[in-house]
Amino acid sequence: MSRARGALCRACLALAAALAALLLLPLPLPRAPAPARTPAPAPRAPPSRPAAPSLRPDDVFIAVKTTRKNHGPRLRLLLRTWISRARQQTFIFTDGDDPELELQGGDRVINTNCSAVRTRQALCCKMSVEYDKFIESGRKWFCHVDDDNYVNARSLLHLLSSFSPSQDVYLGRPSLDHPIEATERVQGGRTVTTVKFWFATGGAGFCLSRGLALKMSPWASLGSFMSTAEQVRLPDDCTVGYIVEGLLGARLLHSPLFHSHLENLQRLPPDTLLQQVTLSHGGPENPHNVVNVAGGFSLHQDPTRFKSIHCLLYPDTDWCPRQKQGAPTSR
């Protein structure tokens, strides 16, 4: 009996020890709820760039190259047509005094005192003066045209607005389908090297940004242009291309919107004429090379077709025929 009690007591003690051990074990803590996921912040849009300042007409310097003998037949037409709508932009560079022209153009008629003979030296002399006057003006764009060009000032402004004047921009139309070569010479005539480059023909017009024009200064300013042209024996428009491409490594941007008398102007689609930047005509030597446009003037009344183009662009001009103006169509 005593043995049975002893065994029972031992069993009770063992059970009590086991219960005590269980009570001493750490109880598991309740798991904290997972934090709710917050959506990642949406990426910030880049700050909007301020709109580029719009180009104003007086940001552009249009240089018209002419000669004394053309003041009557050619310049009178330009003054009556496109220059009348772009007076603040246009500067006329000639080679002789003309009180009547100066009365119309004021200080925007510049006598270059260059020779009136059409030689390489005379052409480069005028371009040199054009360049210096542009730099002096502080304007953003330089555009050169001849006195047989019609300039659509609105199309020109629209085209230039696509570019920054601080970048290297040389816009125009080459008259050749390949680059030309120039042989660089040093004093004494020793050949140095041959350079290939494109150039925009002056007869169609071309434009330079101020940023690029300033880089041209060592070879173009204060008479240096004439020295550079003489070094490579090239005329004015070719020398511009030589400086830009051959010396500075910039590139001509070919534009189909510039036109000279060297191309077949009758092939221009009539419905695109009012979008072109410059137009031209064949002159007395090639009177049939004109744009194909209908208007209130016959070919006899308007042999260059400049008046017809002008009245389509500016039908409010007081001398334009008082009729309904439509899109350009073939004659």
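Glycine is no exception: its Cβ is also placed from the backbone N, Cα and C atoms.
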*CYS320 pairs with which of CYS238, CYS311 in a disulfide, per Swiss-Prot?*
CYS311
*asked:* Need the cross-check against Swiss-Prot: the disulphide partner of CYS114, picked from CYS125, CYS143.
replied: CYS125
*Disulfide-bonded cysteine for CYS143 as listed in Swiss-Prot, from CYS124, CYS207*: CYS207
*asked:* Please identify, among the disulfide-bonded residues CYS143, CYS311, CYS320, the one with the smallest Cα-Cα distance to CYS114 (disulfide bond).
replied: CYS143
*Which recorded positions (ASN113, CYS125, CYS143, CYS207) fall within 10 Å of CYS320 (disulfide bond) by Cα distance?*
none
*Nearest-integer angstrom distance between the alpha carbons (Cα) of CYS311 (disulfide bond) and CYS143 (disulfide bond)*: 24
*Assigned element (helix, strand, coil) containing CYS143 (disulfide bond), judged by DSSP*: strand
*Residue pair CYS143 (disulfide bond), CYS125 (disulfide bond) - Cα distance, angstrom, rounded*: 17
*Of all the disulfide-bonded residues given, CYS114, CYS143, CYS320, which has the fewest Cβ neighbours within 10 Å once its own Cβ is left out?*
CYS320
*asked:* I want to verify one value. Collapsing DSSP to three states, which class is CYS207 (disulfide bond)?
replied: strand
